[in-house]
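Asks: Please find one structure pasted underneath; my questions will follow.
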Amino acid sequence: MSAVAEKAPEQAAATPSLAVRGLVKSFGGLIASDHIDLTVRPGEIHALIGPNGAGKTTLISQLMGELTPDAGTIEVEGQSIDALSTASRVERGLARTFQITCLLPDYTVRDNVAVAVQVRQGHSFRFWKPVAKDEALRRQAETYLAATGLAERADELVANLSHGEQKQLELAVALATEPRLLLLDEPMAGLGHAESLQMIEMLRGLKNQVSMLLVEHDMDAVFALADRISVLVYGRIIASGTVDEIRDDPDVRTAYLGEGDAGC
Amino acid sequence: MAHSYMRPVLLIALLVALIALPSVAQASGYNAVTSLATRVLIYGIAAASLNFVLGYGGMVSFGHAAFFGIGGYVVGILYQHFALEEPLLGLIPGTNQMLITLPAALLVSGILAAAIGALSLRTGGVQFIMITLALAQMLFFLFVSLKTYGGDDGLIIRRTNELPGLNMRDKHTIYYVCLAVTVAFFALLYRLVHSRFAQILVGLRQSERRMAAIGLSPYRYKLVAFIISGMGCGLAGALMANFLRYASPDMLHWTKSGEFMVMVILGGVGTLFGPFIGAAVFIVLESLLASWTEHWQLGLGLILLLVVLYTQGGVQAVFSRLPGRR
Amino acid sequence: MTLFIEQMLNGLQFGVTLFLLAAGLTLIFGIMGVINLAHGSIYMVGAYAGTVVATQTGSFWLGIPAALAAAALVGAAMEFLVIRRLYQRDHLDQVLATFSLILIFNQVITLIFGRQPLFVATPEFLSGSIEVLPGLLYPAYRLAIIVVGLAVALGLYLLINKTRIGMLVRAGSTNRDMVRALGVDVRLLYTVVFGLGALLAGLAGFMAGPILAVQVGMGEQILITTFVVVVVGGVGSIRGAFFASLLLGVIDTALRAYLPGLLRQIMVGPEADALGAGISSMGIYLLMAIVLLIRPKGLFIPKS
């Protein structure tokens, strides 16, 4: 919320939220990232589209430090994060959601978020006070649940949530880390039409507060939300530009959009 | 839930029963029950400590006998230097005071756990199991070879450590001391497993990947949990050496680590009371089977195998019956 | 110098024995995802079966098929009755179930054969010594163990790199789901791998008979050393298991042979011997600790 949001729209030349240069990652013979260059400007939603297996999730994993790239650099807000652990990257304002949800199944919805709040506060070497009686923590967790439409479900176990609710919780947990750059890995995947619309509204509400890299197959969502789009095919960015530029790009149409419209 | 008010009542009833136990045992002529109960309390502490990393943290340590044994040896070694009146390494005077030996055992087992944990937590899964097992076994070999401290034969502690104002030659007194330590340990553990720290630890058991993605560095939390757990086992070992008046390499043998795990399983993984119940079941089972046959381990093995294979999906089923967890 | 070479050969002999066990253990873990503590029990069963048959019949050679058959039989029963139920379980269940198997095996063997260790004579044909180098006589039997161990290693190498089964094993140890996706009968593959591991363990147990006492508990002692081998070599890697076995076998033997002598230079005899024995039995564990500090996944697993 802060300074980033105010200067974001007019100052495209400002320090980018995310700058990826020459990123390479291969697994055996398979090249998942082939010299990727990518910039996310402050406050924008930058969509990353491409067919399955193009290396989108692999890219997010490298941005988060879960995978180590073979070459290339990643900068967040002008500073290199290449040497940082996942935890330190989160401290620098990065957060991700998982395509295949990765939640704490034995915890309630509230506790999933409360743990994230607790980690952000950094007071976790506390061995004496009962965490369940920590009202402040509960209240904070509940604000994120309210923001993602999960307030009613706070006491439910994650295992009992619907798929759509789990996706919402993914977002709530990511927001609880108070990110400045959010990496969203197919937040609409598996959602029904109504749920998708709800998710789009939520993300739109976050616009200008957080920069976002949105990996998504749902083109309606992408066109509704994105400021700019990059197209990833076989580990390479084949095009990058505004929504209109991408929509009209012949290469993109043949490589991706035609196929994307028909199938999924 | 219904048992929310039952629990304090049950706890108090249990405590009263435990306090009355030696007198009842004496009156009814079953004096051996008091010794049995003392061992249950001590093993209960050890199993509950293991359970903290195993059940709450999801770290399958197969080397907790190392901490149990080192706790015992701290008592034994300090006593030997006290009896011979020559300081350890020419610096540290020996002692027979429990108020010193127990904290010393906690300290030493904590340092050992820090070393073993720092190494073994660099890996996970099956390597973690093998490494904790191997490092504990290494300590076993060390003590077998230390002739100064009895080697194979172990160290005899002629008299149980002293506590001011108490007659420690009385079996009942020892029982009550162990009971007091157990109650204190249990109260601490109760606070611990409901703390912020445990919230993180249980989260790590469920998904380390998720915890990293919200900004947590797993290693140091797991290490601290491992150290706490090792100290608990060290405390149990120190009490055991006092109770048996003996510390031996058997205390650090890998089968002891296995026994602790068995206790945790029998009682219920990841529960507060489970390990104590498991320790009671194990000790009673052992005494019963051993009174029938010298091959009692055959019976134990079969029972354990059946428990693991057939209790509705094994150990996981025990998990699922817990309120608030899967 | 000849003494040194002799010790190296002893180390090699211990190393190949370790390899016979480690190969099975690392494959079973790599492919089936099961940690089998009872692998040492199969080694013990092989040793007992072979030794008993060899002493009863008076023919060492009849001991070999007996050991292999017993190990295979016990291994198959173990896989069918217990291990098969553990594939989908977590490591804790696996550890406890196979720990209970150790207790059961040890007691059953005690019930049948008692607590007295058994001994078997080396076969006449291999009872002498061979002059491997001028002035260096080395027991033929130990030499035979080395030859057999290396032959097995070569056979495994060919099996894994040149055959279809081997291809599946290789694929399975790196990507279990892929093998399933190929339409392979995974259950059969598991049984084959487990059976192979059991055979090797039984062979190792029988060959150790004339050198070590055959007794209850022999399996666990070597099992823990084998764990160290597997960790140092890298879980799932046969190549790693091979080199780590030889490395640890040689180091362990060298420490036991030379450390007490070195210590005696600075301490009195008996104490030096005891401490030397202690430290040398710790040697391989310390080595494992160092490996873990440098390469937590083992020496022969490429860094990912």
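Note that Cβ sites are derived from N, Cα and C of the backbone, with glycine treated the same way.
Heads up, TrEMBL stuff is auto-annotated, nobody curated it.
Just so it is clear, the model here is predicted, and its values are computed rather than measured.
From TrEMBL, for reference:
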| type | residues | note |
| --- | --- | --- |
| SIGNAL | B:1-27 | signal peptide |
| TRANSMEM | B:37-54 | transmembrane segment |
| TRANSMEM | B:61-79 | transmembrane segment |
| TRANSMEM | B:99-121 | transmembrane segment |
| TRANSMEM | B:128-146 | transmembrane segment |
| TRANSMEM | B:173-193 | transmembrane segment |
| TRANSMEM | B:219-240 | transmembrane segment |
| TRANSMEM | B:260-285 | transmembrane segment |
| TRANSMEM | B:297-319 | transmembrane segment |
Asks: With pairs restricted to those 6 or more apart in sequence, evaluate whether the transmembrane segment (B:173-193) and the transmembrane segment (B:61-79) have 3+ C-beta pairs under 8 Å.
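Replies: The answer is no, given that the two segments have fewer than 3 Cβ pairs within the 8 Å cut-off.
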Asks: Using Cβ atoms and a strict cutoff of less than 8 Å, what residues sit near the transmembrane segment (B:37-54) while being 6 or more residues removed from its termini?
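Replies: Counting only partners 6 or more residues beyond its ends, the transmembrane segment (B:37-54) has Cβ contacts under 8 Å with 18, 21-22, 25, 60-61, 64, 67-68, 171, 174-175, 178-179, 181-182, 185-186, 189, 192-193, 222, 225-226, 228-233, 235-237, 239-240, 243, 260-261, 263-264, 267, 269-272, 274-276, 278-280, 282-284.
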Asks: Of the listed stretches B:61-79, B:128-146, B:219-240, B:260-285, which one has the most C-beta pairs under 8 A with the transmembrane segment (B:99-121)?
Replies: B:219-240
Asks: Using Cβ atoms and a strict cutoff of less than 8 Å, what residues sit near the transmembrane segment (B:219-240) while being 6 or more residues removed from its termini?
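Replies: Distant Cβ neighbours of the transmembrane segment (B:219-240) are 39, 42-43, 45-46, 48-50, 52-53, 56-57, 59, 61, 64-75, 101-102, 105-106, 108-110, 112-114, 116-118, 121, 178, 181, 185, 189, 192, 197, 200-201, 204, 247, 251, 260.
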